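Taken from TrEMBL, the feature domain 'Amidohydrolase-related' applies to 47-417. What TrEMBL records for 146 is N6-carboxylysine.
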Ligand code: URP
Ligand code: ZN
Ligand code: ZN
Ligand code: ZN
């Protein structure tokens, strides 16, 4: 049985051209003119693009005394409805817990996934067991390790632990990721604000100013450089962090930055809303910033100093957010965005001229697949690639509303935004899972995508490290020791 996507314009990270795409057995088998097949999907007036990849989600994650509400069922359904065909979630061992046990816990959650997924592993503590298990984690197809520099007393690791883990990543060909905020300073500012009676959700933003993020980003970059390993900075939200990434890249360091769709379009004025629920629903780390930071992030995407756009989808209901009434530090941190990332980025990016269509494909899919090392199985419209495809109708419109969303929570931080540009069809490994606003997804269809370590980048870095390593100077004349 074959399917042909007919009459559309193929848009990839580097090319735009008219062609039909034929799919068989879940893969793209042919791209060309006047193709025929058993099923025809009409793509007239549409762009045929690689399905989106969200490199940063937290589905059914235990966090701050509760679990994020969207699980692999509602989360992957939400992803597909907005054109995202793969998510990368974080396995989160509790401090002291085996990494392999955390993988088993995550494997128990994925039964109803409707699109493909992969995992990152979080390093939440350090010891010989973690050091040893990291090798097995890589062998199981998880070559990316996340480090929290914030959440002191819970998930945070210190510099010595981070340096040890980064060196281990270098040996294994793995890529370290960081949540870059100075957790010690955040803890101190939080206490100071609470002591002063500043306990509302707006104080969450005061407790995590851009300097906290800029400092930690720079520190992580320097530590990665000393360990001889590339670095991926998650949820880059401000100019200070972007500036550190830009500077490192201009010195030849392999550092990647990931803005979120939330930080690109929503700003700190949300926390000034007199409605407690409105502000608390937008509490996430890092917090929303002022508009000058947004301009910096957009510029980074256009110029290539920032490479990918994610959501950090970690959705809590209003009731869960209310755990923090009277103490902002108890509001579960996180917001949603899985189904809105692609339409909102298209509307605010491509429709405004801030991004080209090809850049849109790069930052929502292809760059992610390359950095996380699953390209061209994912992130490509090429023969042999998985048929994870979005047929994008640039004329379809809707107003974002919680009342019609797939996500299981009771609000949407993008409520009321009118988007122009939405999927006509979304295919996951050839299966049509979305047709305009009709969901045709199949819970259980989603499969784990194992990824190889990226030995190419790590080998280049370790080769350079070896060439420039400290060496003892062999001297011809050594004076006798003085008496
Ligand atoms: O506030 C956030 N970002 N919640 C999810 C966990 C994390 O820090 O990524
Ligand atoms: Zn320590
Ligand atoms: Zn984070
Ligand atoms: Zn996150």
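Backbone N, Cα and C atoms are what each Cβ position is placed from, and that goes for glycine too.
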Average pLDDT across the domain 'Amidohydrolase-related' (47-417), rounded to a whole number: 98
Give the three-state DSSP assignment (helix, strand or coil) for residue 146 (N6-carboxylysine). strand
Count of other CB atoms lying within 10 Å of the CB belonging to the residue listed as 'N6-carboxylysine': 21
